[in-house]
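Look at TrEMBL and you will find 41-83, 90-130, 131-168, 177-215, 216-258, 265-305, 306-365, 366-408, 408-446, 447-489, 496-536, 537-579 (among others) tagged as domain 'Beta/gamma crystallin 'Greek key''.
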Amino acid sequence: MGKIIFYEDKNFQGRHYECSADCADLHSYFNRCNSIRVESDWWVVYEKPNYMGYQYVLNRGEYPDYQRWMGFNDSIRSCRTYPYYQGGDYRMKIYERPDFGGQMMEFMDDCPSVYDRFRYRDIHSCHVMDGYWIFYEHPNYKGRQYFMRPGNGKRWRKNGACVMNKIHKREEKNLLLHIIFYEDRNFQGRHYECSSDCADLSPYFSRCNSIRVESDWWVMYERPNYMGYQYVLSRGEYPDYQRWMGFNDSIGSCRSYPHSRGGNYRMKIYERPDFGGQMMEFMDDCPSVYDRFRYRDIHSCHVMDGSWTFYEHPNYRGRQYFMRPDCQIIFYEDRNFQGRHYECSNDCADLSPYFSRCNSMRVMSDWWVMYEKSNYMGYQYVLSRGEYPDYQRWMGFNDSIGSCRTYPYIIFYEDRNFQGRHYECSSDCADLSPYFSRCNSMRVMSDWWVMYEKPNYMGYQYVLSRGEYPDYQRWMGFNDSIGSCRTYPYYRDGNYRMRVYERPDFGGQMMEFMDDCPSVYDRFRYRDIHSCHVMDGYWNFYEHPNYRGRQYFMRPGEYKKYSDWGGYNSTIGSFRRMRDF
């Protein structure tokens, strides 16, 4: 799914807004836009609402100020997203007059000067047959931009462009995401372009001394079949093998991995095999394992979120090992697990950028719900772990899969460390007592879950995200009693807003929050919250500062008194946004 982040100030500072779909009016989310991060896909941003005014076409990358996207000012009021064009062919015809009249010329490549090629300074109509293109007002790709996709443009006004007497345009195409290997240093000599995993590169080149990575993460292997030394490369240029910390000029195979989109990184490392001994959880980089972990060896590891790279020596030196979350489902374009494929481990509202059809699947773990269309629409198919060599096996009506999500799923264990009698649950349950007598460990497979100490959603509350909880202290439990539970899907919007009030019924002093608050008294100057209005996102109240004590799960709605959120009194010491940690 495409994603773009708008920032009010330069260098990605100030208030920001994350967007993952077309938006006709952005003015309610920010007042100005001075920097942008494009996470994926092509985006066309417009100066005015309703896709009007100046257009700027942005592909994946960082734009620390508006000059970087050739902006005329800091006004961005609407946006549209387009998935990367995967077809490979680019064809367009331009015409001297409206309605496809006069002189015609066909293009299949870039054109830095329309006049030099076409012998006319004006283009009055256009027919784009294949691919995306960008027109520019002046030669050498300068001036106003107009994004062109397949279709007929009989007149410029129909394309949303301003009427202009003389224009020069450039047609710019997006290349298929790939990596380029060069036999010699500094991108010289024989070369090979690759856009997918390859188990044996030896037929294409005899040595590799430089590489250009156009997109995504790539893992290079010294030998065929993904063996030997590993080198993890992100987008950039590597003019010699020392730049990727290579031991020699041998590259025998490669794999591609898309950038992690969630923004969260979590990993647990263990002192002993099979997740035994001392454990430590990481959410950021670690230049020295010994300084943080107090051990020099890691014998087992659980990657929950994000992609990581292990290095043999401190300060990111020596052999590398690429680590990613366990793959949970694999989609294949052709039957019997053949053709282009995509590996997925999280919910995805739009699978169209990754494959054009789905004729077979491997489900590695959990339950999954497949949807025929994007945004969880259309026919639904519920799949458990197993292999599905054609779409008839999942009782599909066709080969279209547009989105997917994990089935809500939690496992309760009576004993610690996931031992003893257990119960699997996939929906709200007001009374868990028939299924187990105590709960000392849990595995949360997907979504948010709110646990209650007593039946009917009463007593202490504990808010749990996806992960493993080997004893009740890990979810800050007061005892081993779990009497009921509720599930809530992950909140995807990205905006968080809440107002807290000094008195009941939204009376007295009010303060609005959009971020975490480790101490209510330090920010609000009161120790009690008597009413609350949650506008956006999920939040968690804590009885004491620094996210300790009793918890209260808050979702969008009005809470006129503290008993509305299950509180025994009005004391709230801290609160934070509930995100997929």
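Just so you know, the numbers here start at 1 and follow the chain as drawn.
Placement of Cβ uses the backbone N, Cα and C atoms for every residue, glycine included.
No curator has checked TrEMBL annotations; they are predicted automatically.
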Report summary line: For the domain 'Beta/gamma crystallin 'Greek key'' (177-215), the DSSP residue counts stand at 3 helix, 18 strand, 18 coil
**Report entry** Secondary structure composition of the domain 'Beta/gamma crystallin 'Greek key'' (90-130) [DSSP: H/G/I, E/B, coil]
**Finding:** 8 helix, 20 strand, 13 coil
Query raised in the report: What average pLDDT is reported by the model for the domain 'Beta/gamma crystallin 'Greek key'' (216-258)?
Result: 86
Report summary line: Within the same chain, the residues 6 or more beyond the ends of the domain 'Beta/gamma crystallin 'Greek key'' (408-446) and with Cβ under 8 Å of it are 347, 366-367, 455-457, 464-472, 475, 480-487, 489
Query raised in the report: With DSSP helix as H/G/I and strand as E/B, how many residues of the domain 'Beta/gamma crystallin 'Greek key'' (366-408) fall in helix, strand and coil?
Result: 7 helix, 20 strand, 16 coil
